[in-house]
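According to Swiss-Prot, the features are:
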- A:His64, A:His93: heme b binding site (BINDING)
- A:3-147: domain 'Globin' (DOMAIN)
- A:Ser14: phosphoserine (MOD_RES)
- A:Ser51: phosphoserine (MOD_RES)
Amino acid sequence: MVHFTAEEKAAITSLWGKMNVEEAGGEALGRLLVVYPWTQRFFDNFGNLSSPSAILGNPKVKAHGKKVLTSFGDAIKNMDNLKTTFAKLSELHCDKLHVDPENFRLLGNVMVIILATHFGKEFTPEVQAAWQKLVSAVAIALGHKYH
Amino acid sequence: MLSAQERAQIAQVWDLIAGHEAQFGAELLLRLFTVYPSTKGYFPHLSACQDAAQLLSHGQRMLAAVGAAVQHMDNLRAALSPLADLHALVLRVDPANFPLLIQCFQVVLASHLQDEYTVEMQAAWDKFLTGVAVVLTEKYR
């Protein structure tokens, strides 16, 4: 089980509190689909993904991004218990969605980059470390029920 | 292969770094060591005391090499050949570490450029740095 120190939790929750989760979610998913175009394989029915602006403006991308990041909020409320928190979602991603867990790592890294664009200097190495630890732990939790 | 737009994005971002290689390089190394402590083993002289002057000096060297790569985007293999030899024969950094460095590089760019760090820049730099890493590890075996 991953343990987060008080400082790490503070770094994570303070930034999360200042985020527009809806917008950031769309941006994270959008950037994933642009920077790593093979990830589009899971979103064939999302309509126009033909250019970066099409992807970032795509309403289905925004809606799904919001869903994903809202779920990430659950992670932040349950940092000491990620595997249990994401057990059902893990099963879903394995059994129904067939998503390679590598994609969770890619999305986590994109999220960290977006946080850096939003928070600038405030996104210190220590703050980055706390967030990389969190996204990595979430990725592992989401992959935990794969069989 | 980098498209014309990708090359333009890469050059545009580099213009913002040029002249500040030491500062960006030192921050890159500091982030690398803080976020991924296992990488410190590759920099024994640096990571023990994390002396600011040494970080700036080594950071400058690393970013200067990136700058050389930017100047020779069309022929990375030739331009980076001595560095590829160094990594293969002397440094022998496990290839798995390059994505960690690239992630930290992206965070450095993103935190400095903020809203100006467009998705096109992020994509171009991810592709470019990944290409650099491939060349640096190509002679490993």
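The backbone N, Cα and C atoms fix where each Cβ goes, and this holds for glycine too.
Location within the structure of each feature annotated in Swiss-Prot.
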{"residue": "A:Ser14", "record": "phosphoserine", "CB count, 10 Å": "12"}
{"residue": "A:Ser51", "record": "phosphoserine", "CB count, 10 Å": "11"}
{"residue": "A:His64", "record": "heme b binding site", "CB count, 10 Å": "18"}
{"residue": "A:His93", "record": "heme b binding site", "CB count, 10 Å": "20"}
Chain B contacts among the recorded positions A:Ser14, A:Ser51, A:His93 (Cβ under 8 Å): none
DSSP helix/strand/coil residue counts for the domain 'Globin' (A:3-147): 115 helix, 0 strand, 30 coil
Segment confidence, the domain 'Globin' (A:3-147), expressed as mean pLDDT: 96
Candidates A:Ser51, A:His64, A:His93 (recorded positions) - the one closest to A:Ser14 (phosphoserine) by CA: A:His64
